[in-house]
Amino acid sequence: MKMTNNTVLITGGSAGIGLELAKRLLELGNEVIICGRSEARLAEAKQQLPNIHTKQCDVADRSQREALYEWALKEYPNLNVLVNNAGIQKEIDFKKGTEELFVDGDEIELNFQAPVHLSALFTPHLMKQPEAAIVQVTSGLAFNPLAVYPVYCATKAALHSFSLTLRHQLRDTSVEVIEMAPPMVDTGLNQKSRDKQGLTYRGISSEEYVQYFLDGLKEGKQEITNERVEGLRDATRADYDRLFEQMNTQEN
């Protein structure tokens, strides 16, 4: 993926990794559009980054995804990079049945269905561009799950698998498929549960990870993690079992 002169759409771009990525891509000479559910957060992002374009959209809603696609192609016909960043993370205890499954959002719809659907919508357009990319934001937990976040981890594992197959299908086109698999990053993602689990401020900053991601792009990497995640991704079966037990021994 080239580093400049792109037109980039970032879902969930009003905070955290999405906003930091938008900031850095603007600095590199790209045109950047962010979308998010909150008009207030989008306005704050616009105030912070006056050159950014914003669009209110809840990508957990299928009809809004389709409307976003139509709007984006009409307003930005040269759009050549899609970043599927929007996501939520929930602590769910299945001993409680369905009590927590759909409260505060549907992880499967937002974390997996939305990026799959958006990828399908935009791919025909992206294939017409001389250079294009789809960036999927997964997680280090795609490689070894934290049991307190069971559905989140499963959606990220599914999105990792989807990224592999989509990359294979598009291998002879102009569209690169790039996976961002960050470690724990100190954003507002699921702050209440992180506080409860003692995970607050134990991650790296958005600035640090986005710099790592951009460095990976320069090197031509298609799957960009960091040293923390590489240990999970590259684990042997024995290591995997040990890491799973280690990661989940302090589960509440």
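Glycine residues also receive a Cβ, built from the backbone N, Cα and C atoms like all the rest.
Worth saying up front: this structure is predicted, and the values here are computed from it rather than measured.
Under the heading NADP(+) binding site, Swiss-Prot lists 9-33. Residues annotated as substrate binding site in Swiss-Prot: SER139. Feature annotation from Swiss-Prot assigns active site, proton acceptor to TYR152; the stated evidence is sequence analysis.
In this structure, the binding-site residues under consideration are GLY13, LEU21, and the one with the smallest number of other Cβ atoms within 10 Å of its Cβ is LEU21.
If you measure from the Cα atom of GLY13 (NADP(+) binding site) to that of SER139 (substrate binding site), you get 17 Å. Of all Cβ atoms in the shown protein chains, 10 besides its own fall within 10 Å of the Cβ of GLY29 (NADP(+) binding site).
Rounded to a whole number, the distance between the Cα atoms of SER139 (substrate binding site) and LEU25 (NADP(+) binding site) is 21 Å. Annotation note: LEU9 (NADP(+) binding site) sits in a strand segment as assigned by DSSP.
A simple Cβ count within 10 Å picks out one of the recorded positions ILE17, ILE33, SER139, TYR152 as the most packed, and that one is SER139.
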